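Notes follow once the structure below has been shown.
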Amino acid sequence: DDCTTYCYGVHCCPPAFKCAASPSCKQT
């Protein structure tokens, strides 16, 4: 699993996603 973004220091987001308002990812 490729992680390019870490939301809140722990939640891993894949390359095509960014951090949402909560500790989760949303597609961009």
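Positions of Cβ are set from backbone N, Cα and C atoms, glycine also.
Taken from Swiss-Prot, the feature disulfide bond covers Cys3-Cys13 (among others), and the record attributes it to similarity to another entry. The Cβ neighbour count for Cys13 (disulfide bond), using a 10 Å radius and every protein chain shown, is 20.
The disulfide bond annotation in Swiss-Prot covers Cys7-Cys19 (among others). DSSP gives Cys19 (disulfide bond) a strand state.
Taken residue by residue with DSSP, Cys12 (disulfide bond) is part of a strand. Cys12 (disulfide bond) has a Cβ environment of 13 other Cβ atoms inside 10 Å. Among the features that Swiss-Prot reports, disulfide bond is placed at Cys12-Cys25 (among others), with the record citing similarity to another entry.
Proximity note: of the listed disulfide-bonded residues (Cys12, Cys19, Cys25), Cys12 have a CA within 10 Å of the CA of Cys3 (disulfide bond), given in sequence order. By the criterion of other Cβ atoms within 10 Å of the residue's own Cβ, the least surrounded of the disulfide-bonded residues Cys3, Cys19, Cys25 is Cys3. Around the Cβ of Cys7 (disulfide bond), 17 further Cβ atoms fall within 10 Å across all displayed protein chains.
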